[in-house]
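**Student:** One structure is given below, represented as structure tokens, and several questions about it will come after.
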Amino acid sequence: MKGKFSIALMLSACFSASASDSVHWGYEGSGDPAHWGKLSPDFSLCETGKNQSPVNIQQALNAQHDPLQLAFQSGTQQIINNGHTVQVNVSSGNTLLLDNETFALQQFHFHAPSENEIDGKQFPLEGHFVYKNADGALTVIALMFQEGAANPQLATAWQQIPAHVDQAEDVRTPIAIQALLPTSLNYYRFSGSLTTPPCSEGIRWLVLDHPVTASAEQINQFSSVMHHANNRPIQPLNGRIIIH
């Protein structure tokens, strides 16, 4: 089964890990976000990029945009704690239709506290669903979690986090991705970047405006696995327009 995930695991290096395995980056000390751009030439956009993520979503322009067109299919999943986040790699069949293009879900992972903010509000947890089209272009759907009732899908995921960093485990009880999302799929849209090195730009960001809940225990459980916050600070908009 693990062979099925070789591509997904390679992709994870682009989304949640370094472009160069020899370069250590993280969220604390000399490898923290303030230093990413100087750690490697590959990471220069982390310092010089003008369309970086995350952002504080304020004064969004009200505009007509297409509703999210998502399709879900049950399949195999694999969960890994890569030292930067807890990530779930998924098999094919989960798609997003956007701008007349089909994007396939590659993986989803989490940040605590949230990276993006809405009207200056930071949430205790944020999920990123990373989609990729046939040309390699990426779209990220961001989901905010606010403290409240326990989340059944997070409970399923957290119970299966591997004990060791970089250990991948087949998910015995698959996480129901659709059930993880809110019933309302209204969203903010802007152009941004990966929030981890190499901070590549040209990423389509769709931030859902309706949060879902997670219990304080679930939020703390994730934080205890990470041992530190894993959020990049807010980046300047530099004139970018956010639509809603």
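Just so you know, glycine gets a Cβ as well, placed from its N, Cα and C.
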**Student:** Can you sort out which of Cys14, Cys46 is the disulfide partner Swiss-Prot gives for Cys199?
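**Tutor:** Out of the candidates Cys14, Cys46, the one Swiss-Prot links to Cys199 is Cys46.
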**Student:** For His111 (Zn(2+) binding site), list the number of other Cβ atoms lying within 10 Å of its Cβ atom.
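**Tutor:** Its Cβ shell of radius 10 Å holds 27 other Cβ atoms.
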**Student:** Of all the recorded positions given, namely Cys46, His84, Thr195, Cys199, which is spatially nearest to His128 (Zn(2+) binding site) at the Cα level?
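**Tutor:** Of all the candidates listed, Thr195 is nearest in space.
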**Student:** Are there residues of the same chain, six or more positions away from Cys46 (disulfide bond), whose CB falls under 8 angstroms from its CB, and which are they?
**Tutor:** Pro33, Trp36, Gly37, Gln52, Pro197, Pro198, Cys199
